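Positions annotated as signal peptide by TrEMBL: 1-32. If you look up TrEMBL, you'll see 306-329, 384-401, 407-428, 449-470, 476-498, 531-557, 563-586, 598-622, 642-668 marked as transmembrane segment.
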């Protein structure tokens, strides 16, 4: 039990630990993943290790399927589901026990099983999965299995990928299954039985340095798993060598002597059984446990990310220069002329002496069309933007470890739920402002804010989930999880949204610096529709993020790893700056031609970037996802792309409206009109 002194020591050491983790995060993408209190499991020589299996996945099909939907060997004690988080279930992970078991530091070649003769339907299903390039995903101590293959474009270079194919279709048109695995487990035994990271953890907790040997009292310590590799083979086993063998019986080396990835042997045929086996070898590695994820999270193209940031900085600087010209030159000159006219007449200048934005001072804060919809969209946008910033920040600091599968999605969901208060507050505060302090009907507005985007997202999610259900995919969310999500929305999100609206209804509203005329001023006819400029304005925010968008799309749809959240956080900040500047420039251009209807244009000036993101999603589908097979996968892609574009539109639109409102408020605060 921790003593009070130990607790004080822990509190004193926590900032130091966080500082050390942040420093190390610049050298290793996984260095900040294991926070104090997270200790590595140690295995003594001879101790049992058991691999697990995840869903079968494919780069060409977005429908994950259960591992045991194909004729694979099952464990002797039956298949058991592993405990999974909310994020894992939403991602379609179904982690189950596997028959692959071995002992620490004991190299072995073992027989697994001989299946029953394959019924024609099962053989056809297996061949269909091979055609769709489905992969088997093994896990050992939370590490996915890794396969290295030759890069055909660059000779002598190996390409790393997680998982391995179910089988292959040979040049002769026959199908072969990978039925023998050459597994390599990389292990590490720290000197003196512990690592420097573990010593730091124990010191931070002000407790005695404990042994991680799993109960070993001889001080010898244990081994940690730091890598898991596979070479899949298709082997036609020697019938005499496997005759009478039971699961885990030792196989002679000659039984799998034909294990060559370039040679196939186990053909898939109806009414014929399949034979499975594996061999495992243990190799000591110098990689320490806190750095074992580096091999998985290493991403090339750092120069490309820096180019993206520099490109965004140039765009921000260009727009900032335009704003400086507007504010320091044009607006200041107009205000000086305005004051001179007022001083000469002894009073405020008359309307015929004014021009441009000064003429619309009596209409600039007039209530926009469809005010409820605007307030709800801005409130949801603030919520989405805050969720994105908080999630990226926590991920960049290493609090959402890849070792905790689904942690990113789980954290994102709960942050979104808790930010219901921000959505309700922003929606009602804006509603009260556009109605000049009248908060009547705030409950209705707050309720719509709690249902608008969540309702659209839930409807799209339900429709796509029904497609997954119909196809028997593990990506389909169970009915119980549906109920849990609805309960979280009803008892967490909605009350917090209403509470935020209640607080906003009692807060003093923002008083406008000028009065609004009772009769609206007629807007002069424009030579060109202002919505043309709104549509074009979205190119600037899109230019800020399109490079990072490519990496994100590749992570979502091609199974590539994306964990450079530091770059993404910088790009997010630059995107917010560009959206605000673009919206302010277009708002000022509209006011200069005496068009006071700026509310919606300010929202869509920055929100129009969503249209370009949607267009890029179509381009990505046609040119980068050309291997995507079937209308079901295309439907999933289009559905989630529409949802992503809607979320981006709301978030960037909220930024644009906030920036334009601040600009217009500042601009007309200096105007005095009788």
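Each Cβ is built from the backbone N, Cα and C atoms, and glycine gets one as well.
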Excluding the flanking five residues on each side, which residues at least 6 beyond the ends of the transmembrane segment (598-622) place their CB within less than 8 Å of a CB in that stretch?
364, 368-369, 374, 377-378, 434, 530-531, 533-535, 537-539, 541-542, 545-546, 549-550, 553, 557, 578-580, 582-583, 586-587, 590-591, 628, 634, 637-638, 641-642, 644-646, 648-650, 652-657, 659-661, 664
Of the listed stretches (306-329, 476-498, 642-668), which one yields the highest count of Cβ-Cβ distances below 8 Å with the transmembrane segment (563-586)?
306-329
Cβ contacts the transmembrane segment (384-401)/the transmembrane segment (642-668), at least three under 8 Å, sequence gap 6 or more:
yes
With Cβ distances under 8 Å as the criterion, find the stretch in 449-470, 476-498, 531-557 that has the most pairs with the transmembrane segment (642-668).
449-470
Positions whose Cβ lies under 8 angstroms from the transmembrane segment (476-498), at least six residues beyond its ends:
86, 89-90, 92, 413, 416-421, 423-424, 427, 443, 446-447, 449-450, 454, 458, 461-462, 465, 468-469
Based on Cβ pairs under 8 Å, which of the stretches 407-428, 449-470, 531-557 lies most in contact with the transmembrane segment (306-329)?
531-557
